[in-house]
Amino acid sequence: MSESDKTTQYTAFRLAEKHFKNRASRDKLPSLRKYQDTLVDLSRPHRQEDDPLWHAGWWSPLNDADVKSASWMPWTFGKGKERDKGERPELSISELKEIQLKDGKVGWIVEPETEPGSVIGYEEIVARNKSWTGDIPSDKLKEKTVSQLMGEIRWANLGWVYQWSTKSYDLSREIPIPFPPELAKICRKVSASVPWAEVWPAHSCGWETWEEDYAPDTGIVNFYQEGQTLMAHVDRSELDPARPLVSLSLGHSAILLLGTTSRQDPPRPIVLRSGDCLIMSGNGRQAYHGVPRILEGTLPSHFGPLETDTDSMAAIKRFISSARININARQVFPPGFQRRDIT
């Protein structure tokens with residue numbers, strides 16, 4: 001099978017995933033320049049010396065496919081050596097719409113080609129819950145230390161528990177896991193700062209009431225270690241498929257691939273840095289998205305250890321030294337919805 005035949009058997013989204021996941025060469029990182037015409041990196045520092053991505057060599061032209069293998073070249077990095085940094089190219093954001101947020105900050109709109117989402121019914125969620133009989137435990141697990149297990153934590157639930165096996169929420173509990181009030185406050189503030197009339201047409205997805213009645217009640221905290229990924233998917237489990245999903249990033253930077261409702265369409269790579277906030281709303285909630293790469297070497301310097309750190313802060317910094325944390329919040333039940341028992 002020729003290389004072209006191998007390429008055409010994959011969707012455009014899968015090809016982008018494979019590009020950023022590639023670790024075939026010890027001396028090269030996946031090229032960001034390959035996607036510089038569509039790549040979005042809105043929060044990068046104005047001064048290069050403050051940019052962890054630049055410091056780590058992610059913008060080096062030596063990562064490009066047309067550059068020969070680094071195995072014999074004099075700029076090969078190794079112990080005690082630095083990667084070639086190159087120059088950061090100017091990225092075009094002419095296709096993005098700039099909006100002034102109500103708190104004085106600037107926001108940007110990335111609009112994937114998507115159709116309105118189908119509404120999942122409460123009865124369907126309950127039916128999925130009843131069909132789940134539990135996951136069979138593995139009989140091949142070995143004993144592991146606490147430190148080993150810490151590195152294998154992938155997610156934690158806030159609010160209603162998401163069942164990955166049924167792809168729906170477990171509504172059998174009378175009372176969900178408490179959703180942190182401070183996190184809810186932050187997410188409501190973020191949503192309220194958006195001038196939704198500049199984002200969505202009138203009467204398109206119910207945005208007119210979001211400033212007053214958006215109330216996140218559920219979230220998932222994703223823990224990524226370097227080398228871990230989240231493949232392309234669409235979130236379809238909320239009763240209202242348009243209400244905002246607020247996503248917060250901490251730790252290492254990552255590549256988010258944002259596509260359309262079809263994996264056949266090329267996705268747009270977005271660099272998410274520590275402190276970035278991304279909102280998916282309206283039809284955009286139906287776009288395929290995934291995280292194919294945690295960008296090594298991009299931890300901001302303020303996460304470095306200090307002599308004054310408490311034991312708990314020191315433990316947190318040890319964990320984040322090779323990790324990224326993503327907190328995403330959403331609203332499972334729209335305002336006024338009354339839960340009811342279904343037998």
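Cβ coordinates are placed from backbone N, Cα and C, and glycine is handled just like the others.
Any TrEMBL annotation is an automated prediction that lacks curation.
Fe cation binds HIS233, ASP235 as TrEMBL records it, and from the list HIS55, HIS289, HIS302 the residue named for this site is HIS289. Close to the recorded Fe cation site, the chain also has ALA232, VAL234, ALA287, TYR288, GLY290: residues not among HIS233, ASP235, HIS289 whose Cβ is within 8 Å of the site's Cβ mean position. Taken through DSSP, the domain 'Fe2OG dioxygenase' (214-333) splits into 18 helix, 47 strand, 55 coil. Each of the binding-site residues HIS233, HIS289 was scored by the other Cβ atoms within 10 Å of its Cβ; the lowest score goes to HIS233. In sequence order, LEU245, ARG285, ARG330 constitute the residues six or more apart from ASP235 (Fe cation binding site) in its chain with CB-CB distances below 8 Å.
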